[in-house]
Amino acid sequence: MGKHILLLPLGLSLLMSSLLALQCFRCISFDSTGFCYVGRHICQTYPDEICAWVVVTTRDGKFVYGNQSCAECNATTVEHGSLIVSTNCCSATPFCNMVHR
């Protein structure tokens, strides 16, 4: 009987963490249209993670690279030489990191 009482808090903890987790798109590489052509999956966030996507463009707006993931995320835009790297974050709804281009 004592074992069952100990398992109850563990089970409730696992249930709560799965309810609080957010599902996001995960893609190693997508093209300029948002089509994932390498590593298309769904990920589930861990504590402190949200949905994220990164887009790399040239200064004149030409698409170079993009990916999607579950990650600890800070929205930033950084210029690196002739490239602009934009990191985007969201947590409002599941799969909020869908890319529309």
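The backbone N, Cα and C atoms fix where each Cβ goes, glycine too.
Taken from Swiss-Prot, the feature signal peptide applies to 1-21.
Among the features that Swiss-Prot reports, domain 'UPAR/Ly6' is placed at 22-99, with the record citing a curator's inference. Looking just at the domain 'UPAR/Ly6' (22-99), the mean pLDDT is 97.
In three-state terms derived from DSSP, C51 (disulfide bond) belongs to an extended strand segment. Per Swiss-Prot, disulfide bond is recorded for C24-C51 (among others).
Positions annotated as disulfide bond by Swiss-Prot, on the basis of sequence analysis: C27-C36 (among others). In the three-state DSSP assignment, the secondary structure recorded for C36 (disulfide bond) is strand.
Sequence-distant contacts of C70 (disulfide bond), defined as residues of its own chain at least six apart whose C-beta falls under 8 angstroms from its C-beta, comprise L22, C24, R26, C43, Q44, T45, Y46, E49, I50, C51, A52. DSSP assigns C70 (disulfide bond) to a strand. Residues or ranges marked as disulfide bond by Swiss-Prot on the basis of sequence analysis: C43-C70 (among others).
What Swiss-Prot records for C73-C89 (among others) is disulfide bond. Counting every protein chain shown, 21 other Cβ atoms lie within 10 Å of the Cβ of C73 (disulfide bond).
What Swiss-Prot records for C90-C96 (among others) is disulfide bond, and it gives sequence analysis as the kind of evidence. The Cβ of C90 (disulfide bond) has I50, C51, A52, C96, N97 as same-chain neighbours under 8 Å, each 6 or more residues away in sequence.
Here the disulfide-bonded residues are C24, C27, C96; the one with the fewest Cβ atoms within 10 Å of its Cβ is C96.
Listed in sequence order, the residues of the same chain lying 6 or more apart from C36 (disulfide bond) and placing their CB within less than 8 Å of its CB are F25, C27, I28, S29, F30, Q68. Annotation for C89 (disulfide bond): spatial neighbours I50, C51, A52, C73, N74, A75, criterion Cβ-Cβ under 8 Å with sequence separation of six or more. Cβ packing within 10 Å was compared across the disulfide-bonded residues C43, C51, and the lowest neighbour count falls to C43.
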